[in-house]
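What follows is a short report on a single structure.
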Amino acid sequence: MWFLILFLDLSLGQIDAAPPGQSRVIGGYKCEKNSQPWQVALYSFTKYLCGGVLIDPSWVITAAHCSSNNYQVWLGRNNLLEDEPFAQHRLVSQSFPHPDYKPFLMRNHTRKPGDDHSNDLMLLHLSQPADITDGVKVIDLPTEEPKVGSTCLASGWGSTKPLIWEFPDDLQCVNIHLLSNEKCIKAYKEKVTDLMLCAGELEGGKDTCTGDSGGPLLCDGVLQGITSWGSVPCAKTNMPAIYTKLIKFTSWIKEVMKENP
(Lines of atoms letter the chains of each structure in order from A; the text may use other names.)
(Lines give C-alpha, C1' and ligand atoms only; values in the text may rest on other atoms or scores of the structure.)
Protein backbone atom coordinates (compact mmCIF):
# COMPACT_ATOMS: atom_id res chain seq x y z
CA MET A 1 0.00 0.00 0.00
CA TRP A 2 0.95 3.64 -0.25
CA PHE A 3 3.47 5.07 2.16
CA LEU A 4 0.97 7.53 3.53
CA ILE A 5 1.07 9.96 6.43
CA LEU A 6 2.74 9.45 9.77
CA PHE A 7 1.80 11.91 12.52
CA LEU A 8 4.26 12.64 15.32
CA ASP A 9 3.24 15.13 17.99
CA LEU A 10 6.32 17.08 19.02
CA SER A 11 4.60 18.94 21.82
CA LEU A 12 3.68 15.71 23.61
CA GLY A 13 6.57 13.60 22.36
CA GLN A 14 4.07 10.97 21.25
CA ILE A 15 3.34 9.16 18.03
CA ASP A 16 -0.22 8.55 16.95
CA ALA A 17 -1.30 5.18 15.63
CA ALA A 18 -0.27 4.94 12.01
CA PRO A 19 -2.69 3.79 9.31
CA PRO A 20 -1.67 0.93 7.03
CA GLY A 21 0.49 1.79 4.05
CA GLN A 22 3.03 4.16 5.51
CA SER A 23 6.78 4.10 4.88
CA ARG A 24 9.63 3.37 7.29
CA VAL A 25 13.32 2.47 7.39
CA ILE A 26 13.69 -1.25 8.12
CA GLY A 27 17.02 -2.97 8.77
CA GLY A 28 18.89 0.31 8.94
CA TYR A 29 21.04 2.16 11.47
CA LYS A 30 21.28 5.53 13.16
CA CYS A 31 22.70 8.01 10.66
CA GLU A 32 25.93 9.71 11.65
CA LYS A 33 25.08 13.17 12.96
CA ASN A 34 24.87 15.80 10.20
CA SER A 35 25.74 13.21 7.54
CA GLN A 36 22.49 13.92 5.66
CA PRO A 37 22.34 17.75 5.85
CA TRP A 38 19.83 17.96 2.98
CA GLN A 39 17.31 15.78 4.86
CA VAL A 40 14.09 17.63 5.66
CA ALA A 41 11.41 16.81 8.21
CA LEU A 42 8.07 17.90 6.75
CA TYR A 43 5.21 18.76 9.10
CA SER A 44 1.50 19.35 8.78
CA PHE A 45 0.91 22.01 11.43
CA THR A 46 2.79 20.49 14.43
CA LYS A 47 2.61 16.87 13.32
CA TYR A 48 5.34 15.04 11.42
CA LEU A 49 4.16 14.18 7.92
CA CYS A 50 6.96 13.02 5.62
CA GLY A 51 10.58 13.40 4.67
CA GLY A 52 11.91 15.81 2.09
CA VAL A 53 15.10 17.02 0.43
CA LEU A 54 16.62 20.51 0.29
CA ILE A 55 17.65 21.09 -3.36
CA ASP A 56 18.00 24.88 -3.14
CA PRO A 57 18.04 27.28 -0.17
CA SER A 58 14.41 28.14 -1.01
CA TRP A 59 13.14 24.80 -2.30
CA VAL A 60 12.31 21.38 -0.87
CA ILE A 61 11.31 18.36 -2.90
CA THR A 62 9.07 15.63 -1.49
CA ALA A 63 6.41 13.14 -2.58
CA ALA A 64 3.14 14.45 -4.01
CA HIS A 65 1.15 12.06 -1.83
CA CYS A 66 2.45 13.91 1.25
CA SER A 67 -0.43 16.33 0.91
CA SER A 68 -1.58 18.83 3.55
CA ASN A 69 -3.32 22.18 3.96
CA ASN A 70 -0.42 23.48 6.03
CA TYR A 71 3.27 22.71 5.52
CA GLN A 72 6.18 23.53 7.78
CA VAL A 73 9.70 22.18 7.56
CA TRP A 74 12.57 21.51 9.92
CA LEU A 75 16.08 21.51 8.54
CA GLY A 76 19.30 20.35 10.18
CA ARG A 77 17.55 17.82 12.40
CA ASN A 78 19.06 14.54 13.56
CA ASN A 79 16.76 13.95 16.52
CA LEU A 80 13.18 15.20 16.24
CA LEU A 81 12.70 15.78 19.96
CA GLU A 82 15.97 17.38 21.04
CA ASP A 83 17.13 20.98 20.81
CA GLU A 84 19.88 20.93 18.17
CA PRO A 85 22.33 23.67 17.22
CA PHE A 86 21.83 23.41 13.45
CA ALA A 87 18.03 23.11 13.50
CA GLN A 88 16.12 25.64 11.39
CA HIS A 89 12.37 26.06 11.09
CA ARG A 90 10.75 27.39 7.93
CA LEU A 91 7.20 27.91 6.72
CA VAL A 92 6.11 26.95 3.22
CA SER A 93 4.62 29.67 1.05
CA GLN A 94 3.58 27.53 -1.94
CA SER A 95 3.34 23.87 -2.92
CA PHE A 96 3.62 22.53 -6.46
CA PRO A 97 2.54 18.89 -6.87
CA HIS A 98 3.41 17.47 -10.27
CA PRO A 99 0.48 18.21 -12.62
CA ASP A 100 0.32 14.61 -13.86
CA TYR A 101 0.14 13.02 -10.43
CA LYS A 102 -3.21 11.31 -9.70
CA PRO A 103 -4.13 12.23 -6.11
CA PHE A 104 -7.46 10.39 -6.18
CA LEU A 105 -5.59 7.07 -6.11
CA MET A 106 -4.05 8.00 -2.76
CA ARG A 107 -7.31 9.31 -1.31
CA ASN A 108 -9.05 6.02 -2.04
CA HIS A 109 -6.62 4.18 0.29
CA THR A 110 -6.88 1.16 -1.99
CA ARG A 111 -4.57 -0.45 -4.50
CA LYS A 112 -5.88 -1.99 -7.67
CA PRO A 113 -4.11 -3.85 -10.47
CA GLY A 114 -3.05 -1.41 -13.16
CA ASP A 115 -3.06 1.69 -10.93
CA ASP A 116 -0.40 4.14 -12.05
CA HIS A 117 1.25 6.09 -9.22
CA SER A 118 3.76 7.85 -11.44
CA ASN A 119 4.74 11.51 -10.97
CA ASP A 120 4.73 11.24 -7.17
CA LEU A 121 6.66 14.46 -6.75
CA MET A 122 6.03 17.87 -5.19
CA LEU A 123 8.04 21.08 -4.80
CA LEU A 124 7.70 23.28 -1.72
CA HIS A 125 8.74 26.94 -1.83
CA LEU A 126 10.04 28.13 1.54
CA SER A 127 8.85 31.49 2.82
CA GLN A 128 12.44 32.30 3.83
CA PRO A 129 15.61 30.71 2.40
CA ALA A 130 17.50 28.24 4.55
CA ASP A 131 20.81 29.32 6.04
CA ILE A 132 23.50 27.04 4.64
CA THR A 133 25.66 25.69 7.48
CA ASP A 134 27.59 22.54 8.39
CA GLY A 135 24.26 20.98 9.37
CA VAL A 136 22.07 22.32 6.55
CA LYS A 137 23.15 21.92 2.92
CA VAL A 138 21.55 21.57 -0.48
CA ILE A 139 22.09 18.55 -2.70
CA ASP A 140 22.27 18.73 -6.49
CA LEU A 141 19.77 17.14 -8.81
CA PRO A 142 21.05 14.22 -10.90
CA THR A 143 22.58 14.81 -14.32
CA GLU A 144 22.90 11.17 -15.41
CA GLU A 145 20.81 8.02 -15.25
CA PRO A 146 21.50 5.83 -12.21
CA LYS A 147 23.09 2.46 -12.89
CA VAL A 148 21.43 -0.80 -11.93
CA GLY A 149 23.47 -2.42 -9.18
CA SER A 150 24.44 0.90 -7.62
CA THR A 151 24.77 1.05 -3.86
CA CYS A 152 22.07 3.38 -2.53
CA LEU A 153 21.29 5.04 0.79
CA ALA A 154 17.82 6.03 1.96
CA SER A 155 17.04 7.93 5.15
CA GLY A 156 14.08 8.92 7.28
CA TRP A 157 12.30 8.85 10.62
CA GLY A 158 9.88 6.05 9.74
CA SER A 159 9.13 2.95 11.79
CA THR A 160 11.97 0.52 12.37
CA LYS A 161 9.54 -2.41 12.61
CA PRO A 162 7.58 -3.80 9.64
CA LEU A 163 4.32 -4.56 11.47
CA ILE A 164 4.55 -3.14 15.01
CA TRP A 165 4.79 0.65 14.76
CA GLU A 166 8.02 1.68 16.42
CA PHE A 167 9.26 5.12 15.41
CA PRO A 168 12.75 6.41 16.21
CA ASP A 169 13.61 9.90 17.39
CA ASP A 170 16.93 9.73 15.51
CA LEU A 171 17.29 9.85 11.74
CA GLN A 172 17.80 6.35 10.33
CA CYS A 173 19.80 5.30 7.27
CA VAL A 174 19.58 2.07 5.28
CA ASN A 175 21.89 0.72 2.57
CA ILE A 176 20.12 -0.95 -0.35
CA HIS A 177 20.77 -1.59 -4.05
CA LEU A 178 19.27 -0.21 -7.22
CA LEU A 179 17.54 -3.02 -9.09
CA SER A 180 16.12 -3.30 -12.57
CA ASN A 181 12.50 -2.20 -12.88
CA GLU A 182 11.69 -5.71 -14.05
CA LYS A 183 12.17 -6.91 -10.45
CA CYS A 184 9.41 -4.56 -9.27
CA ILE A 185 7.20 -5.29 -12.27
CA LYS A 186 7.22 -8.95 -11.20
CA ALA A 187 6.48 -7.98 -7.59
CA TYR A 188 3.52 -5.63 -8.03
CA LYS A 189 0.17 -5.61 -9.79
CA GLU A 190 0.27 -1.81 -9.98
CA LYS A 191 2.11 -0.22 -12.88
CA VAL A 192 5.86 0.20 -12.56
CA THR A 193 6.87 2.79 -15.15
CA ASP A 194 10.05 4.36 -16.47
CA LEU A 195 9.30 7.31 -14.16
CA MET A 196 10.11 5.08 -11.18
CA LEU A 197 13.14 3.40 -9.65
CA CYS A 198 13.15 -0.03 -8.03
CA ALA A 199 15.45 -0.40 -5.02
CA GLY A 200 15.88 -2.72 -2.07
CA GLU A 201 17.19 -6.18 -1.26
CA LEU A 202 15.50 -9.22 -2.85
CA GLU A 203 16.24 -11.30 0.24
CA GLY A 204 14.23 -8.78 2.27
CA GLY A 205 15.04 -7.28 5.64
CA LYS A 206 16.06 -3.80 4.42
CA ASP A 207 13.62 -1.24 3.11
CA THR A 208 12.03 2.17 3.39
CA CYS A 209 8.49 2.26 4.64
CA THR A 210 6.14 4.22 7.00
CA GLY A 211 7.20 7.81 7.61
CA ASP A 212 9.98 7.81 5.01
CA SER A 213 7.85 9.02 2.10
CA GLY A 214 9.32 12.02 0.31
CA GLY A 215 12.82 11.36 1.62
CA PRO A 216 16.00 10.93 -0.41
CA LEU A 217 17.47 7.96 -2.23
CA LEU A 218 21.16 8.53 -2.97
CA CYS A 219 22.84 6.10 -5.34
CA ASP A 220 26.63 6.21 -5.52
CA GLY A 221 26.36 9.48 -3.60
CA VAL A 222 23.99 11.16 -6.08
CA LEU A 223 20.37 12.09 -5.32
CA GLN A 224 18.42 9.86 -7.71
CA GLY A 225 15.07 9.13 -6.11
CA ILE A 226 12.30 10.18 -3.72
CA THR A 227 10.66 7.51 -1.55
CA SER A 228 7.22 6.76 -2.99
CA TRP A 229 5.54 3.38 -2.34
CA GLY A 230 6.05 -0.32 -1.77
CA SER A 231 4.88 -3.46 -0.01
CA VAL A 232 3.04 -3.82 3.28
CA PRO A 233 4.54 -5.10 5.45
CA CYS A 234 7.75 -3.52 4.25
CA ALA A 235 11.04 -5.34 3.63
CA LYS A 236 9.34 -8.45 2.26
CA THR A 237 11.32 -10.96 0.22
CA ASN A 238 11.28 -10.21 -3.53
CA MET A 239 9.32 -6.98 -3.01
CA PRO A 240 11.62 -3.95 -3.31
CA ALA A 241 10.27 -0.43 -2.88
CA ILE A 242 9.44 2.17 -5.52
CA TYR A 243 11.06 5.60 -5.76
CA THR A 244 10.26 8.53 -8.03
CA LYS A 245 13.03 8.74 -10.66
CA LEU A 246 14.32 12.31 -10.42
CA ILE A 247 16.32 12.38 -13.66
CA LYS A 248 12.97 12.27 -15.50
CA PHE A 249 11.76 15.43 -13.75
CA THR A 250 14.75 17.79 -13.69
CA SER A 251 13.35 20.01 -16.47
CA TRP A 252 10.01 20.39 -14.69
CA ILE A 253 11.73 21.10 -11.37
CA LYS A 254 13.95 23.79 -12.87
CA GLU A 255 11.00 25.35 -14.71
CA VAL A 256 8.89 25.63 -11.55
CA MET A 257 11.79 27.13 -9.62
CA LYS A 258 12.53 29.64 -12.38
CA GLU A 259 8.90 30.76 -12.70
CA ASN A 260 8.49 31.18 -8.93
CA PRO A 261 11.60 33.00 -7.67
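Every residue gets a Cβ built from N, Cα and C, even glycine.
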Correct disulfide partner for CYS152 among CYS209, CYS219, CYS234, by Swiss-Prot, is CYS219
Have a look at Swiss-Prot and say which candidate in CYS198, CYS209 forms the disulphide with CYS234. CYS209
In terms of Cα spacing, which of the active-site residues HIS65, ASP120, SER213 are within 10 angstroms of CYS173 (disulfide bond)? none
Can you tell me which of the active-site residues HIS65, ASP120, SER213 is spatially closest to CYS152 (disulfide bond)? Compare CA atoms only. SER213
What does the structure give for the C-alpha distance between ASP120 (active site, charge relay system) and SER213 (active site, charge relay system)? Integer Å is fine. 10
Cα-Cα distance linking SER213 (active site, charge relay system) and HIS65 (active site, charge relay system), given in Å to the nearest integer: 8
